[in-house]
Amino acid sequence: MDPQLGSSNQFKETWKHTLLLSFQSLGVIYGQLSTAPLYVFGTMIAEDIKSEETVYELFSCIFWTITIISLLKYAFIVLRADDNGEGGTFALYSLLCRHAKVGLLPNDTSANEVMHYETGSPFKIKVESRARRAIEKHKSSHYLMLFLALFGSCMTIGVGVLTPALSVYSVSSGVQRSMSDMAHLFSSSPRKQEAISNAFEKYVPVPTASAILVCLFTLQHYGTHKIGFIFAPIIVIWLIFIGGGGVYNIFHWNEQIIHAVSPMYMYRFVKNIEIKSWRSLGSIVLCVAGSEAMFADLGHFRKKSIKITFVCLIYPVLVLCYAGQAAYISKNLHVADFNHLSESIPHQIRHWFIALSLLASVVGSQATITASFSIINQCLALGCFPRVKVIHTSDRIHGQVYIPDINWLLMVLSLAVTIGFHDIMRIGSATGLAVISGMLVTTCLMSLVIALYWEKNLFESVCCLIFFGSIEVMYVSACMLNFHKGAWYLVVLLALSLTVMLSWHYGTKKKLEFDLQNKVSAEWLTDISPGLGVTRVPGIGFIYTDIVTGIPAFFSHFITNIPAFHQVLIFVSFKSLPMPYVPASRRYLIGRVGPKDLKIYRCVVRYGYCDPIRDTDNFEEQIISSIGEFITMEENEFESLNSSEGRMVVVGKPPADGSALIPLDETNSVEESVSLVSNIETQLAPMVADAVESGLGSVMRKKVRFMLPANSPKMRASVRDELQELIDARESGTAYFLGQVHLAVRDGSDVLKRFLIMTYAFCDKNCREPPVALNIPHAALVEVGMVCCI
C-alpha cells in the first residue's frame, strides 16, 4: 500500500499488542463459534439420530465442515482479502469498485478525476484483462455485484438478530431442564412434580431469555474494547470447560469416535442421504456460525491476532468438544434429551455448567452484533443505508463503532423472535439459512476478487467458486427444507432490510442526478449578479452540496429570490471513497470557483467508509485552515489538479515555511453574525428581508480565532490581503446553507418507482441524523427546499 495513503487504522503492532488483541477477540469474535455446541446437536430432531453409525457420520460432517469453511476458507483465504484492514461483504465490494469499473454507488461521475486524484495511489485501475473487460462491459454484472453486497449485508444483519435469540434461548432451555430435575425437592407427589416441571417449561425459558437479551444489548454502548475485556475471561473459562468435557467424554464413553474424522464417514452420510438426514445438514451448518464474523469484525482487531487465536485455540477445542459430545450420544441414545450439550456433562458439575453457559451465551451473541454495526457503518458511508448516528468507541482502531438506533432495533427484533417462536428448532432453522447464505455471497465476491484484484488466472477463481460454492449450496438446500419451520422469518427480515437499502440507494442516486442536471456554472454567478443587484455582506457562508463542480441548483434558486450572499463563500462537498480510510494529509481538495475577486472557494472532503470525519466538532476551523493553506500555496508549484473549474490543491499538512494561519486559543465569546438586512437595498420586500434576517442574522458560539502567520510581512500583498479578508470574514460570523431536495413521483409512474420513492421519503423524514452531522447551530442554518419529480 502506498505510504501516502496509509490507513489511519494502522499503527506499529508488536507481539504484545497482538496477544492482547487475540485475548480481546475471544470475547467479541469467537463467542458465537465457541458457544455453537450448545445448539448444533440440540437443534436436530432426536428421532433422526437412529444409531451409533449415524452419530459417527454426523460428527464427520461437523469436523469437515469446520475444517473446510472456518479453517481453510476464512482463516487462510478470505482474511487475506481485507480492504486496508476492513472486512465484510462491503469491503470485498469496495475492492472490486476500486480495481475494476463496476461501481454503481452514487458519485459525481463528471468529477471522478477530482475524487480519485492521487499520485501513485491504489485508486488507479489495474491493467486491463479479459475478465475485467467482460465485467465492465455488461452493466447487468454491476447491478448483480451491488445486489450481492447488499444481500450479504442483510444476511449479516439477520444473523445479528437471530443468533442472540438462538444462543440465549438454548441456554434458557437448559436452565429449565435443570430446574425440572429439581422438582422432587418441592414435592414428593409425582403429580405435583409433573405440574411443577410443566410450569417451569412454560414460564422459565422465554422470560429468562428476554431478560438476558435486554442486558446484552444494554451493554453495547461500552464499546468493543471494554466488552472484549469483560467477555474474554468468560470465553476462556468456557473453552477450558468444553474442551476438558470433550476429552473426558471421549475416554469415558467412546474412544473410537476419533476414527470418525475420516472423510469416509462423511461420504457414507452423503451416499445414504434421505430427506430426514438431509434436513440434519441445516443443524450441522450451525457449527460454522460465527465464521463470517471473523471477516466482518476484522476492522475491530487485526488479521494476525484473529488467525492465531482460531488456529491455535478455537479450532482444536471445538473439535474436542464435538467429538466428546458425539461420543456421549453414541452410547446414550436411550436417554431423554440426549442431544443437548448439558446432558453430556457429568451430573456432579452440571449446575455449574448451566451457570457458565448462561454467561457464555451472552458472549456468543456479541460477534454478530458487532458485525452488524460494522456492516451498517460501511453501508451508511457508501450511500446504501439511511442516516443513523455512529459512535466511534476507540481512538486507535476506528473500525470499532456503536450505532445506538441499530442496537435497539436488533434488540426488539431478537425479542420478537424469542417470544414469537419460543422454539430452538425454529430459531435454528432461520439462523442456519442466514449463516450459510451470507457465506455463499462471500464466496461469490471472493472469486471475483481473486480474478480482478489478486489477478490470478480464471481457473483458480472458478475452482474457488465451485469448491466452496457447491458445499454451501448443499447446505442452503438443506436449510430450505425447514423454510416452513422458521426460516421464513429470515425472508421477512431480508425483504424489509433489502427494501430499505435499495430504496435509499435509489433515492440518493436520483437526488444526485437532479443536482448534476440542474447545476449552473460559475460564470452564471458573475453574469447574473449585476442584473439582480446582488449584495455582498460580511461573514462566511458554508454551502453544503453533493456535487463537486459547478454551483448547486438550490443556491442559484436562493440567489434568484434573495440576491445577497456573504463576502466569502465556501462550497463544501463530502465524498465517500470505496476504501476504509483517507489520511488527513490527503483528505482535502481546495480550489476556486470563478475569478479571485469573487472570494468563492470549493472544498472537497474525501473520506473512507470507516472514517469518523463527520463526528469532528472543529470541522469549520479545519476548513478555514485548509483555505488559508491553499491561498499561500496557490502561487507555488505544489501538487495540484487542473479541474474543469481551475486548479485544485491537495491540502492537509501545514506549509514548512510557517505561512499557514495560526489558530488562537478557544474562546467562549458569543458574537452575532452580521445581518444581511442592513445591506440589502430598501426596495426588497419586507417578507424577503424577514426571511434573510431569521436565517442569516444568527447567533453562534465561536470556537477558534485566527491570526496572520509571523512571516506575513514577507508575503505578497495580494496573498496577505486575501488571508486578512478571510480572517475578518471569520470574525464577522458564519452562516450555513443546506439544500433539501424532496423527491416526488410524477403522475403515471409505475408502481415499483412509486414504492421506492415513498420508502425513501419515509426514511429520509424519520432519520435520526441530519444530512450534515457537524453540530451546526440551528439559528445559523438556512435550508433551501426544492422538489424533484421522478
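Using the three backbone atoms N, Cα and C, a Cβ is placed for every residue, glycine included.
Since the structure is predicted, the reported quantities are computational estimates derived from the model, not experimental observations.
These features come from TrEMBL:
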DOMAIN    22-526  domain 'K+ potassium transporter integral membrane'
DOMAIN    542-788  domain 'K+ potassium transporter C-terminal'
TRANSMEM  20-42  transmembrane segment
TRANSMEM  54-72  transmembrane segment
TRANSMEM  143-169  transmembrane segment
TRANSMEM  203-222  transmembrane segment
TRANSMEM  229-251  transmembrane segment
TRANSMEM  308-329  transmembrane segment
TRANSMEM  349-380  transmembrane segment
TRANSMEM  401-421  transmembrane segment
TRANSMEM  433-454  transmembrane segment
TRANSMEM  461-481  transmembrane segment
TRANSMEM  487-507  transmembrane segment
Run the contact check on the transmembrane segment (308-329) against the transmembrane segment (487-507): 3 or more C-beta pairs under 8 Å, excluding pairs closer than 6 in sequence.
-> no
Is the transmembrane segment (487-507) in contact with the transmembrane segment (54-72), using three or more Cβ pairs under 8 angstroms as the rule and ignoring pairs under 6 apart in sequence?
-> no
So which of 20-42, 203-222, 433-454, 487-507 has the most C-beta pairs under 8 Å when paired with the transmembrane segment (461-481)?
-> 433-454
When you check the transmembrane segment (401-421) against the transmembrane segment (229-251), do you get at least 3 Cβ pairs under 8 Å, counting only pairs 6 or more apart in sequence?
-> no
Sort out for me which stretch, of 20-42, 203-222, 229-251, 349-380, 487-507, has the most Cβ pairs below 8 angstroms to the transmembrane segment (433-454).
-> 487-507
PLDDT averaged over the residues of the domain 'K+ potassium transporter C-terminal' (542-788) = 72
